[in-house]
């Protein structure tokens with residue numbers, strides 16, 4: 001019998017959660033991560049599954065995700081501990097045939113349950129499936145330090161925030177030309193914040209929760225981690241720049257346009273217009 005802990009998706013989750021912990025983005029039980037799988041991914045590991053998988057109903061049906069398996073982080077679990085005990089901190093779940101709930105096939109031992117942000121993740125998965133024709137498979141939420149810091153000092157406006165991040169590091173426009181969506185402050189772990197995040201995910205692969213953290217979407221764990229890492233690096237630069245008295249010079253609109261043309265991306269118009 002093949003051991004599921006050696007599968008590419010469990011090993012990928014171990015690396016992503018460990019890297020995020022080492023970055024300082026996921027203190028205590030902060031942050032959550034979900035990866036959409038295919039039946040073929042989990043088929044070799046049926047022998048590892050729980051004999052009687054627990055069933056948990058969703059707070060609202062999600063028929064687009066019917067019969068879809070995911071690997072998810074657990075509620076109240078520490079990213080720093082995933083590498084020590086994957087089965088206690090991660091779970092493979094599969095949405096039922098009508099999208100009304102899911103079974104926990106593997107992991108989440110001792111009656112653990114998936115992240116409290118699962119509604120936000122699943123709703124965002126639905127929108128990114130539609131926005132990318134199924135290419136995006138990962139939703140990652142973390143407490144990226146400098147991005148959070150900027151939400152206290154920048155106007156919480158998509159165009160303003162995006163333009164500042166583009167100017168903070170040349171690669172940003174290339175990596176997220178679609179800009180950064182921003183919500184008002186909302187109570188986490190609710191359907192309301194999940195719906196608001198998913199609405200922004202229709203247009204943006206990055207969504208900021210002011211004074212809290214960031215949501216990112218991508219096709220792979222590496223792409224999603226790299227997306228957040230790139231935005232966070234720019235935020236770190238900006239925090240330093242603002243603390244040194246602000247910008248004396250920066251990347252101009254004309255230079256941003258040239259950058260987009262060189263790399264074949266279309267920058268968010270509202271951010272470019274500032």
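Quick reminder: no glycine exception, Cβ is built from N, Cα and C everywhere.
Feature annotation from Swiss-Prot assigns active site to 117. The Cβ of residue 117 (active site) lies under 8 Å from the Cβ of 32, 141, 188, 189, 194, each on the same chain and at least six residues away in sequence.
In the three-state DSSP assignment, the secondary structure recorded for residue 141 (Zn(2+) binding site) is strand. Annotation comment: Swiss-Prot describes 141, 143, 212 as Zn(2+) binding site, evidence class sequence analysis.
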Checklist line | All-chain count of other Cβ atoms within 10 Å of residue 141 (Zn(2+) binding site) | finding: 29
Checklist line | Nonlocal residues around residue 143 (Zn(2+) binding site), in sequence order (Cβ under 8 Å, 6 or more apart) | finding: 25, 26, 27, 30, 31, 212, 213, 214
Next item on the list: Around the Cβ of residue 212 (Zn(2+) binding site), how many other Cβ atoms lie within 10 Å? Please give the count over every shown protein chain.
Entry: 18
